[in-house]
Amino acid sequence: MASQLTDAFARKFYYLRLSITDVCNFRCTYCLPNGYKPGAVNNNGFLSVDEVRRVTRAFSALGTEKVRLTGGEPSLRRDFTEIIAAVRENPAIRQIAVTTNGYRLARDVERWRDAGLTAINVSVDSLDARQFHAITGQDKFHQVMDGIDAAFAAGFDKVKVNTVLMRDVNHHQLDTFLAWIQPRRIQLRFIELMETGEGSDLFRRHHLSGMVLRDELLRRGWIHQIRQRSDGPAQVFCHPDYAGEIGLIMPYEKDFCATCNRLRVSSVGKLHLCLFGEGGVDLRDLMAEDRQQAALEARIAEALTHKKQTHFLHQGNTGITQNLSYIGG
């Protein structure tokens, strides 16, 4: 086995975010307000099941133990269950997660579980059905809520819910969210609105630092938890009176990048060292056959030597990320 992926700043990488499509059926104001427009896909289309199997096998040989399937909306893939099963074949991958808008969750969550899915993140930016519709462009709030209930019924011990924190949209609804998670094992993660190439105006209007919520949680007696090595970037808080937890993802906070442990592969097979980096390294030509695995591992390891110490969001440089559906946020 090759050595653990480590960059020039001694950061170790245990976590792969793998986009399997950039298509999404929602039109969220902060991501795809005008809906999905085909652009990134060439004649080869999105990664096949076999390509997913090969690239995750290569990453696991380099120490990856967690894979998150993202999009776009990953459940739009007709072969999504097969993709989960292909990743599950590899015993070195301990966690297989999905980030979904939740609209197919109630229908399919049991099949995903049986295929090997171990964790679920659902995007919910408001607990008000009308506001949910306004943000997403889809009147599917109750369908998504039913999906979260179905995930618990299917045996998932915890469900993570992602909420993009937006000034004058949902930042004043903390009490509503806290009441929702008090009896439920939901980790509610507030994600700071991030500037993208297509979203600069929205960012200027609605960005709010997660530190505002952090200070309020600490004032109310919430306790900051210790992070595990394959966890995502959230600072997680718990409270003895709540079954749920709160996570804060604050990419503009000082030293956010110091604990980076994740790499990204796009739905067309490009390795992205940072969500807000440039270009990407093409891996797809080395995913065609099993015998290419050593070369694929070598290209991944070499690419990591070029990973920067930090993103440049503070300078307004959003890199190649025009919207968050492109490489899965």
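Using N, Cα and C of the backbone, Cβ positions are placed for all residues, glycine too.
Keep in mind that what you see is a predicted model, and the values were worked out from it rather than measured.
Sequence annotations record features per position, and here Swiss-Prot assigns domain 'Radical SAM core' to 8-234.
What Swiss-Prot records for Arg17, Arg68, Thr99, Lys160, Arg262, Leu263, Arg264 is GTP binding site. With a 10 A radius on its CB, Thr99 (GTP binding site) counts 23 other CB atoms from all the protein chains. Thr99 (GTP binding site) falls within a strand when secondary structure is assigned with DSSP.
Secondary structure at Cys31 ([4Fe-4S] cluster 1 binding site), taken from DSSP and collapsed to helix, strand or coil, is coil. Residues annotated as [4Fe-4S] cluster 1 binding site in Swiss-Prot: Cys24, Cys28, Cys31.
According to Swiss-Prot, the S-adenosyl-L-methionine binding site annotation covers Tyr30, Gly72, Ser123, Met194. The DSSP secondary structure for Met194 (S-adenosyl-L-methionine binding site) is coil. For Met194 (S-adenosyl-L-methionine binding site), the Cβ neighbour count at a 10 Å cut-off comes to 21, with all displayed protein chains included.
Shown in sequence order, Arg11, Phe13, Pro233, Cys274 are the residues of the chain, 6+ apart in sequence, with a C-beta less than 8 angstroms from the C-beta of Cys260 ([4Fe-4S] cluster 2 binding site). According to Swiss-Prot, the feature [4Fe-4S] cluster 2 binding site maps to Cys257, Cys260, Cys274, an assignment based on sequence analysis.
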The domain 'Radical SAM core' (8-234) [mean pLDDT, rounded to integer]: 92
Cα distance (Å, whole number) from Cys31 ([4Fe-4S] cluster 1 binding site) to Met194 (S-adenosyl-L-methionine binding site): 10
Three-class DSSP secondary structure - Arg262 (GTP binding site): strand
Nearest-integer angstrom distance between the alpha carbons (Cα) of Ser123 (S-adenosyl-L-methionine binding site) and Arg264 (GTP binding site): 19
Annotated GTP contacts Arg17, Arg68, Thr99, Lys160, Arg262, Leu263, Arg264, maximal Cα-Cα distance (Å, integer): 20
